[in-house]
Amino acid sequence: MLSRLPAGALRNVGSVAAPRSASFTSNARFAARARFASTSSGSSASSAFESFINSRATLASVTLFTAGSIAWYTSLYGTLPFVGEVHANSAADDGLHPPHYPWSHSGLLDSFDHASIRRGYQVYREVCAACHSLDRIAWRNLVGVSHTADEVKAMAEEIEYDDGPDDQGEMFKRPGKLSDYMPPPYANEEAARAGNGGALPPDLSLIVKARHGAADYIFSLLTGYRDPPAGFEIREGMNYNPYFPGNAISMARVLFDGLVEYDDGTPATTSQMAKDVVTFLNWAAEPEHDERKQFGLKAVILFSALTAMSLYVKRFKWSVIKSRKIMLSQDVFGKLATTSQVNLHPAPVVRRLTHHLCREWVAKCLGQMTDTNREEAQAELRQVIADAFVNKTLWTTDWGAPIALSLMPKPPPTLNSLNSLSSLKRKLAARFQREHDLERQKGLHGQTGHAHSPYSHVFGNRSATPSFDGDAPEMNVNVPNWDKHTIVGTSKEIFKDYLRLTSASEPKPEQIRPYPILQETLAQLKKRWREKANYNWICSQFKSLRQDLTVQRVKNEFTVTVYEIHARMALEVGDMVEYNQCQAMLRNLYELGIPGKVEEFTAYRILMLLHGRNRSDLNLYVGQLTDKQKVDPAVRHALDVQRALAMGNYHRLFDLYLNAPNMGAYIMDHFIDRERTRALIVMTKAYRTLPLSFIQNELAFDGLAQACDFLTEHKAGLFTNPNAPDAEKILDCKPAGAPLVQVLEEKYRKVQIKGAV
């Protein structure tokens, strides 16, 4: 390699006094009067490290570590932060943002205040535990953190846990143990809701990590209760708190001065109790907090030491090479001067590069080489360096000035090369003109027969057929792959039934309607549709119209209009097969830059992807939308529907359903029953009873009868007063929930989209 410069003609200063002799081989090698101090330890270490990195064991270990980290994070927090779901720790759109407080454990190397954790547990036990659970914390977690083992054991034994069965097969009660988890305040979810006015108190194990603002938010929420400002109306049973989203919270203020009597004598003010319980909850969310920081500090110290050692070893290994002094053996110049061979072997010549500027010039040239000029440039470098040795100009040449000719930039293209494309077009036009003249002469002599049909590849192999934009039958010389087999119809029929074309039934010009007739056909079909004509006949006519456009390769605004009108008609009657075919073709036409109702059908496509629950394609498609498309009312409505479905906001979803622009409601009709079922499942869990009139208004039913029929069809028509009029019926939510879940699993688990392309 040219970049490696160990030379037999160079020697270390320490070896000048006693040079070694070596044999001289003509045309190949020169006398070596010096040598570099080199070592192979660096290359061997690099090779071993590269082998370790590329080994299968290393790759498998890294993969297992990554998968394990993701699994651990998912098991701890329930989901991943980048999957596009809405989390509770997202910042609220409204509500006062909490200030930042200087927590004692927030520093890089700070640990929890264990005395505060003990006091916080006392506040939780005497105040918070009446409603909130702590099901991820066991009694043993408190040992060594806030209490001794005997204290925790005594507290655990105060609570009886169900256990068994015993030898007789009976369940029994036993005192708690250190391995037991802290008991919940309620036996089940229903009891928790019943004791809190229908609301489910959240578990506090991870509450600090699950809320945006973490400890600052919890502290501000506990101490932020105050009287509402003038003009702010608050519902009965709600409490004003500016830090809670919406400024109204159902949980009343629970911390008051002197509510708890601390064991260590600390004054139990409201802020002190809030600080202590937040510190305790912060520890409960991450009991390994202190150990994590200890291990992190140890890792930083260890890796810093290893880095320092690596730098020292690197400098030690390379110090000999970087600090050496190189001098030229004068005998080499004598032999080079007396040699008569001009065609020297390149490798020995390169090894005798002694001038540092020459080496820099070689390195610069090597960096400028490409795969196309590498061989030529290397040969030129060898020749230049060999000439400098022979002419004794190695030390006098200005190596910063010369540039290898093989590395010089290529001259710009000549006028002839620039005109090659235009000449090609002229030749192509001349060929087309000759073919046109020959066809005209054949027509004059009556030569109309063909031994082989030129249209057999139009339907048998689509990739072989060049696309044609426009409706003119004339040849287009700007298309290099133009052929002469473009069909121009001659039929004058306005209406023609659709007949599928195959390779055996090739299109004939006398059966194809030309462009002006197709325009008149579209006008007549629109008039017939307004007169309530039969859809099957209209659909057949439109398919025939689309077929004539395809055969003649017509792709313009008229083509887009035909497909858009047919798609709307198919939506109106629920013909999803034809709609999906039109939608697929419209997407191709829009990508060609042909104008049309792009935003309207973009919104339809988003709604169809929502119907099919194709999340990957939906995210990809939405990500490709431009800012101009997103502000269009139809597209914005479709994106709002997507957001409502992702957030489970069924109230917003059915409001969007009632106010869908264009024909979006026709597409939403295909999945609205599925979302009604999902909404009913949520409602039956949140309420004990629901009036049928409320269900009708909330889920956007056309009337009470439709709502009642929907519930009956989904096995949820369980009313407390089944014999009452529909306007007075009350749904019994508890028994209706299970059938709805079963119907959702059986009926809506799979989505069948007819005609999907």
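Placed from the backbone N, Cα and C atoms, the Cβ positions cover glycine too.
Model confidence over the domain 'Cytochrome c' (115-285) is summarised by a mean pLDDT of 91. The domain 'Cytochrome c' annotation in TrEMBL covers 115-285.
Other C-beta atoms found within 10 angstroms of the C-beta of Cys131 (heme c binding site) number 18, with every protein chain shown included. Secondary structure from DSSP puts Cys131 (heme c binding site) in coil. Positions annotated as heme c binding site by TrEMBL: Cys128, Cys131, His132, Met251.
Summarising the annotation, TrEMBL assigns domain 'PCI' to 551-757.
In this structure the residues listed as binding heme c are Cys128, Cys131, His132, Met251; their two most distant Cα atoms lie 12 Å apart. Classification of Met251 (heme c binding site) by DSSP places it in coil, neither helical nor stranded.
Ranking the binding-site residues Cys128, Met251 by how many other Cβ atoms lie within 10 angstroms of each Cβ puts Met251 at the bottom. The Cβ centroid of Cys128, Cys131, His132, Met251 marks the heme c site; residues of that chain outside this set whose Cβ lies within 8 Å of it are Val127, Ala129, Ala130, Pro201, Leu204, Val254, given in sequence order.
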